[in-house]
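Chemist: Sending over a structure as structure tokens; questions will come in a sec.
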Amino acid sequence: MVDGQEIPDANQELTFPDEPHFAIHYPPVGSAKSKKRKRTADPETETERDGFDESANTAYYVKPARLWESLKKYRKLTLTSEKFEIGDVVLVQKDEVQGSREDIDVQSQWKARLLEVRARGPEHVFVRVYWLYRPEDIPGGRKPHHGRNELLPSDYMDIIDAQSINGKIRVKKWDEHNDDDVLEEDDFFWRQKYSYAKGLLFPSLRQYCVDKAPASPDEPLVWCDKCEMWLHRSCIANDAIKRAAETKHQNEGLDDSHETLFVKDTHTTPFKRAKASQKRCKSKDKNGNTTNGFRAEVRIKDAIHGEEMEFETESKILVVDLSDDRHWQEDLLCLNCRTKID
């Protein structure tokens with residue numbers, strides 16, 4: 001008996017339960033306890049490559065070890081005519097699915113990377129996986145810079161029933177330091193990993209704009225040629241709102257000489273910038289910030305706006321005073337050098 005647990009006899013006949021449960025364990029690293037343990041009593045420790053970063057490895061072992069080792073290993077898996085291979089990122093059933101797989105809400109499903117397939121006949125098929133977390137599923141939660149389809153690969157493993165797999169998706173590594181690496185609107189992607197044991201995200205994200213904050217790929221950035229700086233459109237809009245609120249407070253009203261424009265709550269489709277390095281994403285963006293009784297919308301030259309799919313002929317900021325519905329237009333200025341951005 002070791003640590004209060006009986007050591008199984010290797011010669012004892014193995015009985016396979018109707019509903020087996022397997023658990024992943026992680027050996028302590030460099031601890032006094034690990035040095036004193038009788039290694040002959042421990043299951044054999046395996047090493048799994050990260051899968052998203054080949055330089056990282058995770059040591060683990062499975063219990064009950066003999067039961068797990070008794071299962072036959074496979075490289076591929078077929079579920080209702082859909083084929084899966086080691087390395088695929090799969091959708092894992094979170095709730096009871098009603099209807100066909102076409103009805104599955106992909107966003108709400110858990111995501112995992114397929115590492116190993118083992119089976120004891122078609123009724124007992126198990127897969128070992130690395131989990132990919134959504135930002136809202138880790139401590140600290142979702143931040144403004146997280147993209148709608150952003151995932152965080154982790155070093156946390158599980159063994160699950162293969163029948164819980166609902167499908168698979170493609171997950172792209174997004175190199176945010178490469179301005180030519182463009183995300184499509186529906187791309188699932190990752191740029192940081194999550195260490196479950198340490199509760200840390202790494203590496204650090206690229207910083208943009210005057211606020212030195214990360215950027216969401218769902219929010220196209222604005223490029224200033226003079227500063228050679230990317231600017232958050234939300235920062236530009238908030239700056240316009242702040243100035244409008246200050247002016248209204250000082251003057252107890254806005255100057256009627258402002259040009260009046262009608263502004264709708266629009267979605268902005270991808271826009272082309274003057275040079276290829278300015279392309280950051282192809283996602284749609286709800287372009288507008290509302291606060292302090294004002295709404296500001298940043299529009300970029302050559303962007304497509306509205307249902308009519310019309311191109312903008314100039315870059316500008318549209319501001320609305322929500323108290324009296326007055327509208328006006330401002331030049332789009334760089335937040336750093338205050339140069340007009342065409």
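Placement of Cβ uses the backbone N, Cα and C atoms for every residue, glycine included.
If you look up TrEMBL, you'll see 40-52 marked as compositional bias 'Basic and acidic residues'. The domain 'BAH' annotation in TrEMBL covers 82-205. Here TrEMBL flags 1-52 as region 'Disordered'.
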Chemist: With DSSP, how much of the domain 'BAH' (82-205) is helix, how much strand and how much coil, in residues?
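Modeler: Going through the domain 'BAH' (82-205) residue by residue, I get 12 helix, 56 strand, 56 coil.
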Chemist: Can you check how the pLDDT averages out over the domain 'BAH' (82-205)?
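Modeler: A mean pLDDT of 91 is what the predicted model shows over the domain 'BAH' (82-205).
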